[in-house]
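This report refers to the structure that appears directly beneath it.
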Amino acid sequence: MIETDKLAAERIIAATPASSHEEAFERALRPRQLDEYVGQEKVRDQLEIFIEAAKRRSEALDHVLLFGPPGLGKTTLAHIIAREMGVNLRQTSGPVLERAGDLAALLTNLEANDVLFIDEIHRLSPVVEEILYPALEDYQIDIMIGEGPAARSVKLDLQPFTLVGATTRAGMLTNPLRDRFGIVARLEFYDAEQLSRIVRRSAALLNAQIDPAGALEIAKRSRGTPRIANRLLRRVRDYAEVKADGNITAAVADAALAMLDVDPVGFDLMDRKLLEAILHKFDGGPVGVDNLAAAIGEERDTIEDVLEPYLIQQGFLQRTPRGRVATLLTYRHFGLSAPDAANPVRNLWDTPDAEC
């Protein structure tokens, strides 16, 4: 899994941050207020109402759970919530909170109505999660003083606070934890027009010249994800400054992204390698994932966790009981004629393949 995570971070079209340097770059481009936040209109409108209501009552905002694919702005929203509420934000992540004392130290240092942001909240340990329940409901925590027979439990009162939890895997949250969030919001992938607005805004902050067509060209290849759009913008800006006059046009963006092996739908070399293997080595499928992994020289986990999700979400790949199958979109993308088998229909005699 470590190798899979490393590989995901190395891809230019990966939705996870590649380095601490990139995280610092993201912070510089991050919108600071809700009215600067592009996209996610439904979530933004809801938060605007809930935040204003909490401010009028001088209360802490209800606890917020943000979930959705990586790179869509969950961390950005957590910072915006704190800024709109006019309070401090403390940030941590699930894997960092190893012991109950780690969480207790954070909670006891919060001031009234502060925001505690826990990224990857689905990775909290059960021990830490147990401490969190009374803190969320009653603004109290139980801590143990002493050891052995002399140990005793002491209740500590906390200041009212808002927990903002972020996760890419909402299904891994326990029911008791999920039920304690009063505001639950799912972030969706962005369309090309929304991403184009984000690219133009980021270009202005970077003092980069870009025209609307150039911004749209980058947006269309960003896989619906602002983090990828901003990363591609940086690379296209470099290309424009060295190979062109510094102005990012559609032609300049196309040439730069072609150099980076990012095609018109946002596929990179690894995406195309997987799809071409299914088309040419396995006649469009079905093919079991272990055979596919051997054919392209990648690990099974890499295929399932890194490569497949976007291809399936975009309709280029199907998972069937018998294996992976290329769709009509895949044949069209590679300029091939699709056989009838490219639009499979399951019948009663289909049986699951053990390696699927």
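Every residue, even glycine, has its Cβ placed from backbone N, Cα and C.
Of the residues Arg178, Arg180, Arg200, Arg237, Swiss-Prot places Arg180 in the same ATP site as Leu29, Arg30, Gly71, Lys74, Thr75, Thr76, Glu137, Asp138, Tyr139, Tyr190, Arg227. Other C-beta atoms found within 10 angstroms of the C-beta of Arg319 (DNA binding site) number 14, with every protein chain shown included. Counting other CB atoms no more than 10 Å from each candidate's CB, the binding-site residues Arg300, Arg324 peak at Arg324.
The two recorded residues, Tyr139 (ATP binding site) and Arg324 (DNA binding site), have Cα atoms 49 Å apart. Comparing the binding-site residues Tyr139, Tyr190 on other C-beta atoms within 10 angstroms of each C-beta gives the minimum for Tyr139. Recorded residues Gly71 (ATP binding site) and Arg300 (DNA binding site) have their alpha carbons 24 Å apart, per Cα-Cα distance.
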